Each structure stands twice: as C-alpha cells, then as structure tokens.
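Q: The feature domain 'Aminoacyl-transfer RNA synthetases class-II family profile' is assigned by TrEMBL to 36-391. What TrEMBL records for D106, L107, T108, R133, Q149, D153, R302, Y306, Y307 is L-histidine binding site.
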Amino acid sequence: MPSFGLRHRRAWASLFSQLLRPSGLVCIREVHFHSQGTRDLSPQQMVIREKILDMVVGCFKRHGAKRLDTPAFELKEMLTEKYGEDSGLIYDLKDQGGELLSLRYDLTVPFARYLAMNKVKRMKRYHVGKVWRRESPTIVQGRYREFCQCDFDIAGQFDPMIPDAECLKIMCEILSGLQLGDFLIKVNDRRILDGMLAVCGVPESKFHAICSSIDKLDKISWNDVRHEMVARKGLAPEVADRIGDYVQCHGGVSLIEEMLQDSRLSQNKQALEGLGDLKLLFEYLTLFGIAEKISFDLSLARGLDYYTGVIYEAVLLQTPAQAEESLNVGSVAAGGRYDGLVGMFDPKGHKVPCVGLSIGVERIFAILEQRIKTSGQKIRTTETQVFVATPQKNFLHERLKLISELWDAGIKAELLYKNNPKLLTQLHYCEHMGIPLVVIIGEQELKEGVIKLRSVASREEVAIKRENLVAEIQKRLSES
C-alpha cells in the first residue's frame with residue numbers, strides 16, 4: 001500500500017470495511033500500519049518523553065560524561081555470543097551485498113566495539129538511542145521490540161569500586177529527580193554468584209543456564225525456579241536446595257559480613273573477592289548518602305553474559321494501594337561491570353575495564369504517562385510564548401513584519417495562517433494552546449507607534465512602544 005497520510009489511511013480502512021461487509025467476508029475492525037511492538041508517539045507523549053530525557057541527560061552531563069553515537073546496525077558477528085540465551089532475540093537484517101548485519105540489541109556492545117576499534121583506554125560516555133529486540137511485547141508494561149535506552153558508562157583502569165559507586169549514585173539521582181516514588185537498587189556480584197554455584201555443586205557447564213533461572217526470581221516464586229532448575233535443566237534437587245538457602249537472602253553490610261564468615265562461600269576465592277569489593281562499595285555508598293537505597297541481594301543474576309563483577313537493578317517499591325492502580329513494569333534501571341567485553345573486539349585481546357548503567361525510559365514513560373492520565377493534567381505540546389494577532393482586515397503584512405522581529409530576537413512566536421482572521425478566533429487559539437502573551441496590532445496602534453501586549457490569563461492589556469516591545473516581552477517571560 002502506498003505511504004498515505006493518516007487521513008487517507010483512515011479513509012482506506014473505512015472503504016475496505018464497507019466493501020467487505022456486504023459480501024460476507026471478514027469485516028476490518030482495525031488496521032495496523034506499523035509492526036507489533038513498535039508505536040507512534042503523539043505530541044503529548046513526546047512532551048513527557050522529552051522531560052524524562054532532559055532529566056536523565058542533565059544528570060549524565062553533571063557527572064562529566066561525553067555524548068557518543070553508534071550505527072543502528074552492526075556486523076552480525078560483532079553481536080553474536082555476547083548475550084547468552086538472549087542472543088535469539090537479535091534482529092537479523094537481510095544480506096545486502098555480502099555483509100551479514102543485525103540491529104543493535106543494546107548500547108553496551110557497540111560501545112565496547114567503539115573503544116576497541118579506536119584504541120580508547122579511558123572514557124566516560126553517555127548514549128541515548130534506539131535498540132531492537134525480537135521479544136513478545138507487553139505494551140502495558142512498557143516492553144517493546146523497538147525502544148529507547150539511555151546509557152552511562154565509565155571505561156578505564158581505576159581504583160576499585162569508585163566508578164561503580166558513582167554509577168549507583170547517578171541511578172539514585174535520576175530516580176529521585178523523576179519523582180517515581182520509593183525505589184530500591186538490588187546489588188550483587190557475578191563472582192559471588194559463580195562462587196555460590198560452585199560451592200553448591202553446580203557443574204561449571206550449567207552456570208549460565210542456572211543463572212538464567214535465578215534471574216526470574218523477581219517474577220516467579222522460588223518453588224517455580226527450583227522446579228525449572230531440576231526438571232528442565234537437570235540439576236540435582238539437593239544442589240537446588242543449597243542454592244535456595246543463598247538466593248533468598250538480602251540485606252546490607254551485615255549480610256556481606258555474614259557471607260564472608262559462611263563456611264562454604266568463604267572457601268571460594270572468586271566469591272571472597274566479590275564480597276570484599278561489595279564491602280568497599282557500601283563504604284562509598286554510605287559517603288554518598290545512598291546506602292539505605294541499596295540492598296545486597298543474592299538472587300540478582302542479570303542474564304547478560306558479559307557481566308564480570310558488580311551488577312545492579314533498580315525496582316520501584318509500592319504500597320498495596322499503589323500496586324492496585326499502577327503498572328508492574330519490573331526494573332526501571334540496571335547495569336554492572338563488564339571488564340572482558342572490550343577485549344573480545346580487540347585483535348590482541350587488550351582489556352579495558354568498564355562499568356555502566358542503563359535507564360529504562362519506556363517503563364518510566366509508561367508510569368508517568370499513566371499518572372498524568374489519572375490526574376487529568378493538560379499537557380502543552382508547543383512552547384510558543386507570544387501570539388501575533390490583529391482585530392482588523394488587511395493586516396497580514398504588518399503581522400508578518402512583527403513576528404519576524406520576535407523570531408529574530410529569539411522569541412517563540414506564532415500567528416494564524418489567514419489573511420483576515422477574527423480576533424476572537426485568535427484569542428481562543430491562545431487559550432486552547434496555553435500561549436501566555438498576545439501582541440495586537442491594528443490601525444490605531446500603527447498610527448501611534450505602539451503595540452498592545454495582552455496577558456491571556458488575566459486578559460489585561462497595555463500599550464507598549466514598538467521599539468520597547470521585545471525588551472518588555474523578554475522581561476515578562478523571565479519573570480514567569
């Protein structure tokens with residue numbers, strides 16, 4: 001079908017339904033013009049999204065990050081074997097002249113490829129861009145096949161846990177700034193996880209598969225996870241029970257101390273290193289004033305294969321009343337340390353340690369959008385500050401000269417695209433669009449060398465000398 005505008009598409013849909021109904025064929029109820037799991041965003045939705053992105057990017061910049069962008073697609077070989085079981089969700093593109101390409105699955109792997117290709121050893125970067133995943137979309141939870149990610153990463157060799165602590169601080173600043181309600185950031189370490197699996201008796205060949213099951217504990221019960229481990233992944237029941245003793249633990253520094261004394265876990269070198277680093281991390285988190293927002297949670301597994309150290313995930317905490325009326329979106333931010341990923345792209349295997357975080361824009365958007373709908377809040381879709389109006393006919397030339405002066409002065413201004421609009425129509429437009437000021441020019445004003453300046457809210461009007469108009473408007477806008 002040709003690429004028609006929305007009005008034409010609706011007309012075609014209506015025509016099809018009328019044509020098909022009499023013949024007894026299936027009636028077209030709804031026509032989808034884009035892929036399942038993608039969407040159009042209305043001007044109202046874009047206002048909400050831009051506010052979220054402004055807050056997130058503002059925080060990234062405050063922490064000294066540079067912006068980076070990478071292509072929407074990568075060589076397929078660059079993405080394969082980086083995501084474990086999730087590799088099946090990568091979108092492959094049709095071969096176009098010999099290169100096998102795939103749409104990027106996240107922003108982390110392209111960043112690691114960029115560091116290796118450009119031999120960059122140290123960088124603090126942020127990236128806002130779309131990624132694509134072939135998963136079953138659950139629109140009400142803000143899960144899509146095409147979605148936006150906001151990433152912040154610190155690459156380079158630094159003293160332990162300082163960059164990691166800053167990433168958690170950034171997460172806290174963003175989630176607090178967006179006023180989403182109370183939240184908790186779960187923290188674990190892949191070395192502790194691997195050490196725990198080893199001392200519980202899990203064969204190393206099954207580490208990834210069992211981690212993938214543990215990662216479902218925020219969605220399903222321990223009994224269901226245990227059943228999956230034993231029945232589907234062939235784990236001995238007693239081994240699963242030992243894992244259960246650990247993964248149901250969560251707490252703060254006292255739990256880290258307890259695990260350091262644990263007879264089984266303390267025998268594993270990897271686990272001891274991870275616990276030592278987590279203890280240091282909590283020391284820094286306390287200095288940042290955010291330790292009470294962080295929970296050491298042994299059930300946190302983060303399914304992606306590239307994590308090597310600290311991992312974290314932020315979830316919103318809800319009261320029972322809030323839970324009934326709000327969305328269950330899962331985690332709203334996540335990240336961790338991936339010290340081996342850059343080396344996978346470097347011909348000589350040179351490693352660049354990295355740690356980072358990703359903000360779940362779509363899920364946060366779903367929450368804020370629902371909140372605005374519930375409150376009935378009206379959203380302004382333009383930033384127009386001044387409207388240029390006239391009460392008389394044949395004043396288009398004067399309006400055009402006047403609006404040009406305003407635009408040249410950097411003032412956001414509009415007028416109606418009609419030769420002779422009615423004044424009431426112009427004023428109603430301002431009220432409907434939430435435009436705060438109107439400048440009115442007519443025969444009398446032109447003769448006296450003044451312009452009427454009207455406040456839309458109070459309906460008060462004052463005459464301003466034309467040469468003083470821009471300064472007066474700027475003064476009023478700065479005061480509002």
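Along the chain as shown, residues are numbered 1 onward.
Quick reminder: no glycine exception, Cβ is built from N, Cα and C everywhere.
Help me picture these features in the structure, burial and contacts included.
A: When other Cβ atoms within 10 Å of the Cβ of Y307 (L-histidine binding site) are tallied across all protein chains shown, the result is 25.
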Q: Mean pLDDT across the domain 'Aminoacyl-transfer RNA synthetases class-II family profile' (36-391), rounded to an integer, is what?
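A: A mean pLDDT of 90 is what the model gives the domain 'Aminoacyl-transfer RNA synthetases class-II family profile' (36-391).
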Q: Please find, for D106, L107, T108, R133, Q149, D153, R302, Y306, Y307 as listed binding L-histidine, the greatest distance between any two Cα atoms, in Å.
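A: So the binding residues stretch over 21 Å, Cα to Cα.
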Q: Counting Cβ atoms within 10 Å across all protein chains shown, which of the binding-site residues T108, Q149 comes out on top?
A: T108
Q: Name the residues of the same chain, 6+ apart in sequence, whose Cβ is under 8 Å from the Cβ of D106 (L-histidine binding site)?
A: Y83, V131, Q149, D151, S358
